[in-house]
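Peer 1: When I checked TrEMBL for this same protein, it listed these features:
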| type | residues | note |
| --- | --- | --- |
| DOMAIN | 17-218 | domain 'Neurotransmitter-gated ion-channel ligand-binding' |
| TRANSMEM | 232-255 | transmembrane segment |
| TRANSMEM | 264-282 | transmembrane segment |
| TRANSMEM | 294-315 | transmembrane segment |
| TRANSMEM | 355-373 | transmembrane segment |
């Protein structure tokens with residue numbers, strides 16, 4: 001630093017010190033800047049007070065975690081607040097051209113803000129001294145960084161292709177709606193919206209709305225995040241294996257149906273596999289009235305296997321019944337390896353009834369798998 005730069009820096013510090021003395025000599029941060037005078041004492045006339053205006057600008061809304069059983073979403077929620085305090089104004093020419101300074105938060109009055117509909121909020125403001133920026137016209141701004149967990153209703157019917165909307169809501173409870181005005185906007189985010197999710201969830205959009213609540217007595221600033229699940233994990237590790245397990249189980253059931261003990265073992269193994277998938281889903285999803293489509297798919301697959309197992313058990317008895325009926329009519333029953341001479345007899349010989357059942361259940365299994373993606 002040159003000698004001239006050092007002299008300029010010393011003059012700046014001296015002017016800043018005089019400015020601090022001027023601004024905070026009689027300033028009390030416990031007295032707020034909201035105008036509350038409704039009646040003029042001289043004329044006893046009712047006047048509308050000028051509204052105190054505060055601007056909320058979103059700086060970051062990154063999805064950290066979604067806990068479906070608790071219907072809770074956790075965000076990195078950072079925002080910038082800007083307001084005006086007429087007690088903290090000065091003429092820059094009187095203080096060496098200084099038009100803005102940085103002041104510890106404890107030295108200025110800060111409007112009360114409350115994050116509502118949340119289960120937990122951790123604000124990073126106690127690790128070191130935080131500052132606000134103060135301009136010569138009395139405008140003040142500060143940056144708030146937090147980890148916020150909000151509770152939002154989740155419809156998991158389309159799980160694992162589900163999409164949800166959760167919002168972080170800011171409310172000003174203390175002041176009357178006629179005394180303050182909220183303006184908000186979404187600032188320039190540090191990353192594209194698509195990159196503000198995590199490995200399991202992708203952020204789709206972020207919007208901001210301001211709406212009146214409690215009979216228009218106050219305003220709610222709502223930052224809404226819409227995010228959808230990345231379904232690849234469940235498709236590859238749950239849905240596709242479950243489909244092919246059913247395919248192979250149905251084939252194994254209807255091949256050589258005379259061995260019913262072996263078929264019963266195959267069917268029970270499949271049923272246990274589907275039941276295990278249902279147990280996993282019950283632990284990961286909220287207990288809502290709408291069953292997830294993946295659970296419906298699993299239950300339907302389980303039902304297909306139960307009906308298939310029932311058919312395998314009943315088919316041999318049904319074939320014996322048909323054979324006895326043919327004998328009663330005096331018809332000749334061909335041996336297992338004897339090819340009938342008639343055309344209809346050959347069709348019945350090669351296209352056995354168990355193969356028809358196999359085709360029906362395979363079609364039902366395939367339709368059940370396709371419906372989940374429609």
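Just so it is clear, glycine is given a Cβ too, placed from its N, Cα and C backbone atoms.
Context for these features, please: burial, neighbours, distances.
Peer 2: Residues 159-160, 234, 238-239, 242-243, 246, 249-250, 253-254, 257, 260, 263-264, 267, 270-271, 274-275, 277-278, 281, 285, 353-354, 357, 361, 364-365, 368-369, 371-372 of the same chain lie 6 or more positions beyond the ends of the transmembrane segment (294-315) yet place their CB under 8 Å from a CB of it.
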Peer 1: As a test of reading the model: what is the averaged pLDDT for the domain 'Neurotransmitter-gated ion-channel ligand-binding' (17-218)?
Peer 2: 86
